[in-house]
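Quick look at what Swiss-Prot lists:
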- Gly33, Gly34, Tyr35, Asp51, Phe78, Asp96, Gln103: S-adenosyl-L-methionine binding site (BINDING)
Amino acid sequence: MSQYHIPVMLSEVLAVLAPKGYESYLDCTFGAGGYSNAILNSCYCSVTSLDRDPNVIESVEKIKQDYGERFNFIKTNFADSFRKLKHKKFDGIVMDLGVSSMQLDIADRGFSFLYDGPLDMRMSVQGFSAEEFVNTADEEEIADVIYKYGNESLSRRIAKSIVEYRKTARIDSTRKLAEIVRYSIGFRKGKIDSATKTFQAIRIYINNELEELEQFLANVKNILKKDGRLVVVSFHSLEDRIVKNFFKENSEKQVARSKYAKDEIKIDPNKWLKIITPKVLTPSSQEIRLNVRARSAKLRAAKKII
């Protein structure tokens, strides 16, 4: 069997998802194929995977060779996925949010300030790029994006520096943008680079990540079978808050009830989830040592009860 990338919190995802033979699963973020491969390898089930990144095709073909008709891939984003799935329902759904290691490690994709490359950041390699945004948006819009999506308290100072710099030269590389940010706010103490929040914010904005997540969750009930499980791995507080609130709003509060009570339990049809991770799960210290990118991961899961 071919070797596959090991995704974040794989053992925890499999334990919560609990794949069973002859059931069908949806991997919403294929990436390098780690979750899809692990689910298919765990039992004789089928997996449908989604991804908007055209660069995943090599990994897609590898899984097709290993698993044949048990695996199906659809090139799409969250917003268009329901139309392309054509009302198909699944026994379990897994979502690994944010940018993949594969995308971060390719300099030409422009996601990371660790590599000097074109300032792109588009997951689908189509549409508005990060370079276009930082060179055309006004100062207030840039500041708002960095503050809203990066939780960056010094967003206005960064935005001012970006606008001042582009008066003399175009900002067309990850190195240039990172240097502008570091120069404007200085180096911060600790392990996190000063440019981290700005890069995160622009990437989220360019790819419409939070809006697409909200749209997918609003419709996920229609493609999840009864007793099916939804497992979500997020990597920053904005994503995690959306998932946490969605689970809370759609789940019944558990109340202790006497076994002698004769009244029938009424189920609110709007409360269709049961949370199966009362406390958010995080990576083990061993996993973080092996993969520092796992340090911010959070896993939440729920089961459809009606």
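Every residue, even glycine, has its Cβ placed from backbone N, Cα and C.
Projection of Swiss-Prot feature records onto the structure.
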residue	record	Cβ contacts under 8 Å, 6 or more apart
Tyr35	S-adenosyl-L-methionine binding site	Pro7, Leu10, Val13, Asp27, Thr29, Val94, Asp96
Asp51	S-adenosyl-L-methionine binding site	Thr29, Phe30, Gly31, Phe73, Lys75, Thr76
Phe78	S-adenosyl-L-methionine binding site	Cys28, Leu50, Glu212, Leu213, Gln215, Phe216
| query | So among the binding-site residues Gly33, Gly34, who's got the most Cβ atoms within 10 Å? | reply | Gly33
| Number of Cβ atoms other than its own within 10 Å, given for Asp96 (S-adenosyl-L-methionine binding site) | 24
| request: Work out the three-state DSSP category of Asp51 (S-adenosyl-L-methionine binding site). | output: strand
